[in-house]
Amino acid sequence: MTDKYIMAIDEGTTSTRAIIFDHAGHKVADSQREFPQYFPQPGWVEHNANEIWNAVLSTIANAFIESGIKPAQISGIGITNQRETTIVWDKKTGLPIHNAIVWQSRQTAPIAEQLVKDGHGDLIHKHTGLVTDAYFSATKIRWILDHVKGAQERAEKGELLFGTIDTWLVWKLTGGVTHVTDYSNASRTMLYNIHKLEWDSEILQLLNIPAAMLPEVRTNSEIYGKTKDYHFFGSEVPISGMAGDQQAALFGQLAFEPGTVKNTYGTGAFIVMNTGEQPQLSDNNLLTTIGYGINGKVYYALEGSIFVAGSAIQWLRDGIRLVESAPDSERAARESHNENEVYVVPAFTGLGAPYWDSEARGSVFGLTRGTTREDFIKATLQALAYQTRDVIETMKKDSGIEIPVLKVDGGAARNDWLMQFQADILDTQIMRAANLETTALGAAFLAGLSVGYWKDLDELKASYKPGTSFKPEMGAAERTNLYDGWQAAVKATQVFKHIPYHAAK
C-alpha cells in the first residue's frame, strides 16, 4: 500500500481542503482554499456553489503538486461537507438557479415558524428526528422554489435537482452522471424518514417539494461513481465514501461504540453521541440523526448543534479586531485577571441546541469600567465551553448515560486554555485527538474501507493513537457559580428582542 493513498475532500463553511492520507492515517498532503461568504441581509448567509466547485478543483491540484503524488495513486476519494447547505441547479446546464443557502442562514425562519404554527412540528420530529428549524435543508428548498421565477414549475417537470454539498460535488466530479447523497446528509434535510430510511412523502407534500428533485440515498461507504478523467487530471478514481462533517468526525474519532461522545469545534460546535442501531428521539430539543450506515447496518446518534464556536474567534479577529490570529486568543485568556464576571453570548445567528431561539442575538453581560480586552476575549472563549455544557447536560437527560470522557477535535481544540476550561466546567475528562483532522480522516476511512484500502473497523481501531488529556481541576462551588451566571446571561439574551426603529414607528 506504500504507493497508494486515499484523498479526502473536506468542504467546510469557510474553506475547502483536499487532504491525502497514507495507510497509517498520516497526512502526506494538505491544500486549503477559502471562498467568499455572502450576507445579502442581516441573518442571511449564502455561498456561490460554482466558487465552491472551483475551490475544490484548486485544492485537489495543489495537493498533487505539493506532494508529487500522481492522481492514479489515489485508491479512493472520500467527501465530507458542511451539512444542510442547500443548492438547487438546472439538470441540463448544471448551473445553480440561486446562491447556496448556508446552514447558518436564518432567511427561511418564517417558513419553519409557519410549519410549527400549523401544528406540523410533532410529525416532523417523529419522522425525521429533527426540530422544525430554518437550519435544515427543507425550508431552504422551499424558499428557493418560492423566490426564483418559474422554479416550482421546473422542479415539477424534473428539470431541477437539489443537493447538499456532498451531492453537488459528486454530481460535478462524475460529470453530471451521479445524483446521490448518503444517510448522514439525508438525515439533515428535514425531509428524510430516519425509521423507514426513505424520503418522507408526508413532509414533501406539506412543503410541496417535488420528489423528482431529490438524490438517491446510499450508504456511507460504497462506490458511488468515478471521477471523469477531465476533472481528476486524467484519472477515473472511485468516489467511495461520504458523510456530513460531524458524522465523519464521529467516524474519524473511531466512536464505534454506543455511548461514545465527541465534540468538534469548527465554525460551530457539534456534540454527537453514538446511540447504536436504534434511533432515540430526544425529549429535550436535541437532534436524532443518522451517524453512519456501513456493512448493512445503520447507526444513529444524538446531536447538539451550536451555531457559533470558531466563528466567534473569527469575529474577534475580523469583526472587532481584538486579536490578529486565533492563537492570540489563548494568550489573551491567560493574561486576563478578572473573576470571570463577564459573559459573552455569541448568538449571532440565534441560539442552537437546546434553546432553538432564532430571534436571539449576541449579547455581553457583566462589563465594568475595569473590563479589559483580555477579559472580553476570555469570555468569548468561555462561551464555547458553556454552550458545550448546555448540550452535554441535555444529552445526559435524554440518554440516561453518564459521559466520563468527551473526545474533542477541530481547530479550537488546539487551544490548551480552552480545553482545560472545558474540562473544568463539565467536570469531565477531555481527550483531544492526536490527529485533529478527524473530519477528513473519517471521510478517508469510509472511502478506504469500501475499496479495500483498509480491511475492516478492527484494523482502524488498532491504529488509534491517544492524544492529550485534560482533567478537571476546578472546585465544585466555582463551577456551579460560573455556570449559573452563564444560564442567567442566556435567559437575559432571550428576553431581549430587537425591534428595528422603522418597525417601532
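Here, residue 1 is simply the first one shown, and the rest follow in order.
Here the Cβ of each residue, glycine as well, is placed from N, Cα and C on the backbone.
Taken from TrEMBL, the feature domain 'Carbohydrate kinase FGGY N-terminal' applies to 5-252.
Here the Cβ of T267 (ADP binding site) has 27 other Cβ atoms within 10 Å, regardless of which shown protein chain they belong to. Annotation comment: TrEMBL describes T13, R17, T267, G310, G411, N415 as ADP binding site.
The sn-glycerol 3-phosphate binding site annotation in TrEMBL covers T13, R83, E84, Y135, D245. Mapped onto three states, the DSSP output places R83 (sn-glycerol 3-phosphate binding site) in coil. Summarising the environment of R83 (sn-glycerol 3-phosphate binding site), the number of other Cβ atoms within 10 Å of its Cβ, over all protein chains shown, is 27.
The glycerol binding site feature in TrEMBL is assigned to R83, E84, Y135, D245, Q246. Residues near E84 (sn-glycerol 3-phosphate binding site) in space but far in sequence (CB under 8 A, at least 6 apart, same chain), listed by position: W103, Y135, F136, S137, K140, T164, R188, T189.
In the shown protein chains, 18 other C-beta atoms lie within 10 A of the C-beta of H231 (phosphohistidine). Marked as phosphohistidine by TrEMBL: H231.
Under the heading domain 'Carbohydrate kinase FGGY C-terminal', TrEMBL lists 262-449.
Counting in whole angstrom, G411 (ADP binding site) lies 14 from Q246 (glycerol binding site) by their C-alpha atoms.
Spatially close to G310 (ADP binding site) yet at least six residues away along the chain are Y265, G266, T267, G268, A269, A326, G410, G411, A412, judged by Cβ distances under 8 angstroms.
The two recorded residues, T13 (ADP binding site) and Q246 (glycerol binding site), show a Cα separation of 13 Å. Using a 10 angstroms CA-CA radius around R83 (sn-glycerol 3-phosphate binding site), the recorded positions that qualify from R17, H231, Q246, N415 are Q246.
For the sn-glycerol 3-phosphate site, whose binding residues are given in the record as T13, R83, E84, Y135, D245, the maximum C-alpha distance rounds to 15 Å. Apart from R83, E84, Y135, D245, Q246, the residues listed for glycerol, the same chain places the Cβ atoms of Q82, T85, W103, R188, G244, F270, S305 within 8 Å of the centroid of those Cβ atoms.
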